[in-house]
Amino acid sequence: MAPRPLGPLVLALGGAAAVLGSVLFILWKTYFGRGRERRWDRGEAWWGAEAARLPEWDEWDPEDEEDEEPALEELEQREVLVLGLDGAGKSTFLRVLSGKPPLEGHIPTWGFNSVRLPTKDFEVDLLEIGGSQNLRFYWKEFVSEVDVLVFVVDSADRLRLPWARQELHKLLDKDPDLPVVVVANKQDLSEAMSMGELQRELGLQAIDNQREVFLLAASIAPAGPTFEEPGTVHIWKLLLELLS
């Protein structure tokens, strides 16, 4: 099929995306960019660690703040980049990690979302960049600034899986040392591909076995306010191990 000619609206959107990409990169460099130090010991199995749960959140009371001692030092920060095609479930993944219930329907991210999650030893900053075609061009600019990449894939979207594979391998090639967690999302759907099929179709079996690439299942679907999906807890546990 011959490529369609670009109309004025498409050109305008492309220019806006270019500006947005530049702004995103500046924001990232200003607030999160600090380079990356390797922390993952390949001799330690992440699945053997103590069971982890999603972060718990308490109501903030201004009266409590007056009685608290000032912090002696700030917690170190760890950066996680969350990418994937539009509609894969990146925003829902961030909501679930932050203790919020998933939203009904699909609301695309026009720009980025960010979440900061506290742990005992450090704070985890997760940045999601939208998965529209115009924004994918800028993904590679961010991978060298983070500690871990999370790549979310819609397990039921067979039609666009080749595009997901292409974008994933671009990122893998950009930084051979970056740990990558591939989230096989929407495994609860009847049409979802199996983990074995996804591993083949995403070309993960061809990756050097010395590379830190993990494929984990998730079923991040709308549910009640007490929703806590086991797959997401498993992913959070792995992230803590990779970031420690």
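Backbone N, Cα and C atoms are what each Cβ position is placed from, and that goes for glycine too.
Since this is a predicted model, take the numbers as computed values, not measurements.
What Swiss-Prot records for this protein:
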{"type": "BINDING", "residues": "84-91, 128-132, 185-188", "note": "GTP binding site"}
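The most densely surrounded of the binding-site residues Gly84, Gly87 is Gly84 (count of other Cβ atoms within 10 A of its Cβ). Looking only at other Cβ atoms within 10 Å, the busiest spot among the binding-site residues Ser132, Gln187 turns out to be Gln187. The Cβ neighbour count for Lys90 (GTP binding site), using a 10 Å radius and every protein chain shown, is 27. When secondary structure is read from DSSP and collapsed to three states, Gln187 (GTP binding site) falls in the coil class.
Classification of Lys90 (GTP binding site) by DSSP places it within a helix. Taking the Cβ of Ile129 (GTP binding site) as centre and 10 Å as the limit, one finds 25 other Cβ atoms among all the protein chains shown.
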